[in-house]
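Trainee: Could you have a look at this structure, given as structure tokens, before my questions?
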Amino acid sequence: MREILHVQGGQCGNQIGSKFWEVVCDEHGIDPTGRYIGSSDLQLERVNVYYNEASCGRFVPRAVLMDLEPGTMDSVRTGPYGQIFRPDNFVFGQSGAGNNWAKGHYTEGAELIDAVLDVVRKEAENCDCLQGFQVCHSLGGGTGSGMGTLLISKIREEYPDRMMLTFSVFPSPKVSDTVVEPYNATLSVHQLVENADECMVLDNEALYDICFRTLKLTTPSFGDLNHLISATMSGVTCCLRFPGQLNSDLRKLAVNLIPFPRLHFFMVGFAPLTSRGSQQYRALTVPELTQQMWDAKNMMCAADPRHGRYLTASAMFRGKMSTKEADEQMINVQNKNSSYFVEWIPNNVKSSVCDIPPRGLSMASTFVGNSTSIQEMFRRVSEQFTAMFRRKAFLHWYTGEGMDEMEFTEAESNMNDLVSGYQQIPGRYR
């Protein structure tokens, strides 16, 4: 079957990843020890997309966990589903990357990378027909960004024809964890443009806003944010794991969403998002899902789709519904908001329908869009990068690890090329 190999790196990646496995285990009826306790054959039919069946009948995630310090790994291991992972698949160093991209990419990370690649190879050999890799990481720190992109480029060398999907958490506009985020993010984007096939762009601030405004949580925790991300991650691959009327997979998604190879950074959203108190007062209908799914407030990254235009988009519906209704709603959206879609790609919204809804919902939908407005985010990071780089602030941390200023200049111009790539997209006869 079409297996997906999951890799999580750094603190952020491991926290998102462990939440994701909680969601997927729940959907497939697998308990924290790896035993199947579900009630429907559909849960087992394609369970091997994400799981390996061990000899004793236990299901083991096809997951590789890496970090440059043991802390987060220990908390994953002691967490609710910590015992389900294969112990050999935890690969960690002791030193940490200290939020330094160069440490993750060139020094500390480079020492650990072969151990990670061995585990990846072992997992890939266990697959019948590996479809691709999904990587969870953040771009603001050191390990997820530096070592994450190093791993992506190594996997790209070894498996050039497999899909590479990333869930990348970008630095937020107002909330900054570390002062060198713009450096780390720019150096990472430089790599992702070249080596990844599809990047789902996430950002903590947008996720905070969704939790605060829509879900009415007064003090959202990272756990709440990661829950949103994992719902989306599960939605992107649900068609591979459950039978559906209209299937999509990672490659179909890429073919339908990427008109130009470099422009593969997508905005994602999920519906229905309702606060816990108001759930019972809302009917779940396809029009309602569609409306929320296309709502700008629902996007999980800090860019406003109303400031740009959609090149392409994909809507993945889950639950019992008529495909005709789903298609009609999509056509409806395009007709009503035609100025927000480029007119030189006709029918640029792809929809797919999977019969099994997420736990506790009768229907749901996941949105993935390729919008030119995502340049706002790259522009913002780029401006912060330039402000510091002009003064050569904090550079010694990177050059001390053997990096060259030239590399910063290259990354900066690659980011600017990406932004102008989005800006040059012709609008409506202007």
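A Cβ is built for glycine as well, from the same backbone N, Cα and C atoms used for every other residue.
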Trainee: In Swiss-Prot, Q11, S138, G142, T143, G144, N204, N226 are given as binding GTP, so which of E69, E288, E325 is in that site too?
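Mentor: Record source Swiss-Prot; matching candidate: E69.
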Trainee: Where does T143 (GTP binding site) sit in DSSP terms: helix, strand, or coil?
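Mentor: Reduced to three states, the DSSP call for T143 (GTP binding site) is helix.
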Trainee: Please find which two of Q11, E69, S138, G142, T143, G144, N204, N226 have the most distant C-alpha atoms, given that the record lists them as binding GTP, and give only that distance in angstrom, rounded to a whole number.
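Mentor: Taking every pair among Q11, E69, S138, G142, T143, G144, N204, N226, the longest Cα gap is 23 Å.
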Trainee: Return the residues near G142 (GTP binding site), defined as same-chain residues 6+ apart in sequence whose C-beta is under 8 angstroms from its C-beta, sorted by sequence, else 'none'.
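Mentor: The answer is G10, L68, G96, A97, G98, N99, N100, W101, K103, G104, N184.
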